[in-house]
């Protein structure tokens, strides 16, 4: 076997040019190459001797293990490599799995399986049992799907026993609590829809307060007269109910001021010839004072408004009286001493002298003597007669 170095060759025969070349490769970008010192050459020579001796010994050890480099040994080794690669490839083909990548191997497949098993084992059981599919969640959340499922299940059960469909069973299912009253769009297509009542039934107080804040006093008066539900929702809102009360008071005061110019004196028997000349009507203020004297309390604002409305429809020879039964305004004819109540549910026709049913030409049946007193004529020169003259 040929070797790179001979054992008899001395290291001193190496040229200085080669040593300087090796030193140049080790240095880092020198700017100027100075000539080496003599001491440095001696040290470098000793280092090279030791390095060459070690490399020669290592090469000798390696050459003992390696086979002889001839043609027969080389062909034998190539044949062994081809047989090994063919056996591995045939094993992969027989197993039914062959990958293009060279790094894939059955050992790697086993490690992948172990890792997947470890990952499955590490997942907690509570989490795996808690997970549900998406369609079950949607069925639970949507009331229409729950109702549909209940109807289909009942129809299936009935189909097994009877071929005919009994729609009464569907009505029974509809009576269940599925929350269908809260569905969006269930009131679509209706001509009229009470939004305030729906908000009140669903207890949306914050929305009702915002709506009522935008209404005036007259609007609140109209709201309270629509229905009982609107009255309740207005009474529950303190601010709106107080505004409604103030609006009612202001309205009554305005109507009283407007009707003050129509105030006239009370009718009397001796004033019959003048009935066709002047309009005789009872003053709203006078009637309220009389009612307060006769009864504890006075007429309410609504009752006062009724009297004012009826007074505007009176004829020249008519006046107002209070109904004996219901206290509503009654149109009085002083010539006949007859009064008829204007209330539709009452419509009492009574005599103003005896407060009984009107008896036409018959004499009055006095239940209590002295209960009815014919008003005397005013004395000439008295205060009342002077007022009558001024009015004429």
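A Cβ is built for glycine as well, from the same backbone N, Cα and C atoms used for every other residue.
Quick look at what Swiss-Prot annotates:
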- 323, 326, 341, 346: Zn(2+) 1 binding site (BINDING)
- 351, 354, 359, 364: Zn(2+) 2 binding site (BINDING)
- 7-20: compositional bias 'Low complexity' (COMPBIAS)
- 197-244: domain 'F-box' (DOMAIN)
- 1-21: region 'Disordered' (REGION)
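Per-residue confidence over the domain 'F-box' (197-244) averages out at a pLDDT of 90. In the shown protein chains, 14 other C-beta atoms lie within 10 A of the C-beta of residue 326 (Zn(2+) 1 binding site). For residue 351 (Zn(2+) 2 binding site), the Cβ neighbour count at a 10 Å cut-off comes to 20, with all displayed protein chains included. Comparing the binding-site residues 323, 341, 354, 364 by how many other C-beta atoms lie within 10 angstroms of each C-beta, the top residue is 341.
Around residue 346 (Zn(2+) 1 binding site), the same-chain residues six or more apart in sequence whose CB sits under 8 Å from its CB are 323, 325, 326, 328, listed in sequence order. The record gives 323, 326, 341, 346 for Zn(2+) 1. Within 8 Å of the mean position of their Cβ atoms, the other Cβ atoms in that chain belong to 324, 325, 327, 328, 330, 342, 343, 345, 347, 348. Rounded to the nearest whole angstrom, the C-alpha distance between residue 354 (Zn(2+) 2 binding site) and residue 341 (Zn(2+) 1 binding site) is 16.
For the domain 'F-box' (197-244), the number of residues in each DSSP class (helix H, G, I; strand E, B; coil) is 38 helix, 0 strand, 10 coil. On a Cα basis, residue 351 (Zn(2+) 2 binding site) lies 11 Å away from residue 341 (Zn(2+) 1 binding site). Residue 364 (Zn(2+) 2 binding site) carries neither a helix nor a strand DSSP state and counts as coil. Counting every protein chain shown, 14 other Cβ atoms lie within 10 Å of the Cβ of residue 359 (Zn(2+) 2 binding site).
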